[in-house]
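This report concerns only the one structure given below.
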Amino acid sequence: MDPVLVLVLTLSCLLLFSVWRQSSGRGRLPPGPTPLPLIGNILQIDIKDISKSLANFSKVYGPVFTLYFGTKPTVVVHGYEAVKEALEDLGEEFSGRGNFPIVERMNSGLGIIFSNGTKWKELRRFSLMTLRNFGMGKRSIEDCIQEEARCLVEELRKTNGSPCDPTFFLSCAPSNVICSVVFHNRFDYNDKNFLNLMEKLNENFEILNSPWLQVCNVIPAFLDYLPGSHNKALKNFAEIKSYILKRVKEHQETLDMNNPRDFIDCFLIKMEKEKDNPHSEFTTESLMATVADVFVAGSETTSTTLRYGLLLLLKHKEVTAKVQKEIDHVIGRDRSPCMQDRTRMPYTDAMVHEVQRYVNLIPNNVPHAATCNVKFRNYVIPKGTDLITSLTSVLHDDKEFPNPKIFDPAHFLDENGNFKKSDYFMPFSIGKRMCMGEALARMELFLLLTTILQNFDLKSLADTKDIDTTPVASTFGCVPPSYQLYFIPR
């Protein structure tokens, strides 16, 4: 048979199958734009600003609608009420982790963030308990953050008031806090292993936010057959895992079953206790993936928020001045900030919350999935269907936060200048899959930002009106543009 005819017939069959699958899969799914065969709605979405596209679709189809990424339907939930209903009221039903092909290639479905079922429940329960035992959200970890803040100040002083890119410094500080919990040690800022880890983490976060990776997540075959930045991400992750394995082996050689030093020790002890269980979720591969999850989630997200926060404070000098005035009044210059100060610093607390709200770090959350057939409003969501929850639609809701595109700590202050909580504040998500490092991240952001502003004035190289705070990427995460600044000792 003519090869051209074979190709035409094959493509025709694929198109027919795609059309059949999309039409038969609609059932009682929410409405949405008509998908194209094979590629779905991908051409109707701005890959560089997915949140904007979702907002436009919600105006046409309402707060719950269906998009097709390739041939697979994905339900999108938009707006506070719908997001809360999906993630809290139906938290168990939507507690599955959605499809993320590049990450599945990295960790084989292991770890905490991208695992499912019993594996996820057991590892999350163990990790939460272990992290709490090592002080997450408590005074002991606060001491660790304060010590790291002092080290950060010393490193910033070494810039001698010269212009610098803060990315490296702001990556090291939160990463070292996590290292103390996971590896039982912090690194000097010039340690070669540490520098290599920081480089790999930063590169991978940038790659995950590239438009190319969003295309690969829609058409996973590209990951296997085409060149591209995804190969660099996979190589970087392999190097990170290799380093973790090296540290695991060091821990195994010095392990004291009765005196665990850190997260790795606790996991190794759990492995030993379950060594006779052939179905145990606690294996060496699982340990490496879990440590990678804890390390990546606990460092890159906080460092990016800090970097974005300083950029916003550079642009909004009046906010910086008010925060520094409050710092001088409540803390002074002779002691380190502590978490007890926060209740007496409503404006600073509001500023930290506003940074997180404005930055909107993970705009469309990490994808969820239905663990069973779910009746959601007037629709039936089949088991295994991916769910995108728009956190942008909550954090930038103009009814809760007037002028949401403007950076303004008053969004979290009442008429008397007291701190005002908001149910719409969910940068860590909500429900069963909410970020388990929330308490740690909140402490880090408050203590590190206040310590920096206690010790330094921030000076921009450009006029404040020329400072651009628009993210350079807004796909998986929001990444601030590169910038330099002066840290001027106060």
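Cβ coordinates come from backbone N, Cα and C, glycine included.
In Swiss-Prot this protein carries:
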- Cys435: heme binding site (BINDING)
- Ser127: phosphoserine (MOD_RES)
- Lys249: N6-acetyllysine (MOD_RES)
- Lys375: N6-acetyllysine (MOD_RES)
Taking the Cβ of Lys375 (N6-acetyllysine) as the centre, count every other Cβ atom within 10 Å, in any protein chain shown.
11
Counting distance between Cα atoms, which of the recorded positions Lys249, Lys375, Cys435 is nearest Ser127 (phosphoserine)?
Cys435
Measuring Cα to Cα, tell me the gap between Lys249 (N6-acetyllysine) and Cys435 (heme binding site) in whole angstrom.
28
Could you measure between the residue listed as 'heme binding site' and Lys375 (N6-acetyllysine) for me? Cα positions, answer in whole angstrom.
26
What three-state secondary structure does DSSP assign to Lys375 (N6-acetyllysine)?
strand
With every protein chain in view, what's the tally of Cβ atoms within 10 Å of the Cβ of Ser127 (phosphoserine), excluding that atom itself?
22
Secondary structure at Cys435 (heme binding site), reduced by DSSP to three states:
coil
